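Over in Swiss-Prot, the protein carries these features:
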- H286: active site, proton acceptor (ACT_SITE)
- H329, E335, H365: Fe cation binding site (BINDING)
- Y344, H365: homogentisate binding site (BINDING)
Amino acid sequence: MPLQYQSGFGNDWATEALPGALPAGRNSPQRCPYGLYAEQLSGTAFTAPRAENRRSWLYRIRPAAQHRPFEPFDGAARWLSDFGAAPVTPNQLRWSPLPLPDAPTDFIEGVQTWGGNGGPGEHGGVGIHLYAANRSMQGRYFYNADGELLIVPQQGRLRLATELGIIEVEPLEIAVIPRGVRLRVDLPDGQARGYMLENFGAALHLPELGPIGSNCLANARDFQTPVACYEDIEGDFELIAKFTGGFWRAAIGHSPLDVVAWHGTHAPYKYDLRHFNTIGSISFDHPDPSIFTVLTSPSDTPGTANMDFAIFPPRVLAMENTFRPPWFHRNVASEFMGLIHGVYDAKAEGFAPGGASLHNCMSGHGPDADTFEKATAADTSQAHYIRDTMAFMFETRRVIRPTAQALASAQLQSDYYECWQGLNKHFDPAQP
């Protein structure tokens, strides 16, 4: 049976897998229907402003506290939160796609950290990861106490069985798992690869639209949150926790995905990037890439995000007498890019689906020589249709510190800088 979802963003949801499982008129009755336990999951402080407050009430078969003591877990050794172990270079960096594993590897085992900043203790910054896996999580569940997860599949579907219901995402869709939500990751296609951002800061929001108006970019109605769905199974399972940068394991005698009903605002969701309503210039110039923002994590500085997630989807370029590709740039923010599908319009070669690039604070970047020559000779009286593409960017206010494993990776392209060396000198003071 097809999975069911609730439509909207930031709603106060209410859903039950059994009729009457949600208590009427109160959150914590003396006795819950069906003999369930009431439990609140708080994603923000109790006193956070109402518009920012994130919490959900769960009605579950057993409380989340019921498990054996945690002990250290070493099965996620490549998922890191220490971003100060390797020196930071101002060089532009690019990587080829991560290969799929040969040995059996589930999602938790297959995460590899490529860089980040801040950390769980700062309640700010991000971790940037790649993942490659070839088996579903077996007898294992996971939650992240350090931050929310933004998952960007590039190859293969993910079935995210969470406490609050089931989400299935495919390439060109994204999923967000809030801080603390327990889940199991299954691979319907047998293997999967993609990108993941770990947000240590404020929860992701839709960006303000300002003069754009009340519509466009990612519209709230296109986000989907799961309906209640529970597992009532007993056995020898393990619960993996990411806590203050480390990983911990606890034995648990039942599935923790046993929430029969829930209501609230702290919940996972998915979004189809193909629904993004792209905005662009219909006169001249290429606008700033902020017009492509899907989600943003605000910081304590107005107008400056902890992190932005932007995409570069299929679109029509109609600007006349304009250099249409993304322009040459140096940015106070740091930019990590990935390619989900197709070709990125600023790079003719070398940036493949599943690959990644990093342009840190004030490191010059922009179109390669081939792209520049073609764009400066193009007929801009005709519209240009970019159809076969889906690139994305994680942009952060802080420098992204690459990990030692990213810098030592066989996928690192040591010749990336060469893509700009072919840019010719055209300056002639006698020819305005």
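Numbers run from 1 along the shown chain.
Cβ atoms here come from the backbone N, Cα and C positions, even for glycine.
Small disclaimer: the values here were computed from a predicted structure and weren't measured.
Positions of the features from Swiss-Prot, shown on the structure.
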residue: H286; record: active site, proton acceptor; DSSP (3 states): coil
residue: H329; record: Fe cation binding site; DSSP (3 states): strand
residue: E335; record: Fe cation binding site; DSSP (3 states): strand
residue: Y344; record: homogentisate binding site; DSSP (3 states): coil
residue: H365; record: Fe cation binding site; DSSP (3 states): strand
Cβ within 8 Å of the mean position of the Cβ atoms of H329, E335, H365: remaining residues of the chain near Fe cation: P326, R330, N331, H359, S363, G364, G366
Close in space, distant in sequence - H329 (Fe cation binding site), Cβ under 8 Å, 6 or more apart: G364, H365, G366
H286, H365 as recorded positions, winner by CB count within 10 A: H365
Distance, E335 (Fe cation binding site) to Y344 (homogentisate binding site) (CA atoms, angstrom): 15
Packing count at Y344 (homogentisate binding site) (other Cβ atoms within 10 Å of its Cβ): 25
Other CB atoms within 10 A, centred on E335 (Fe cation binding site): 21
Rounded Cα-Cα span from E335 (Fe cation binding site) to the residue listed as 'active site, proton acceptor', Å: 18
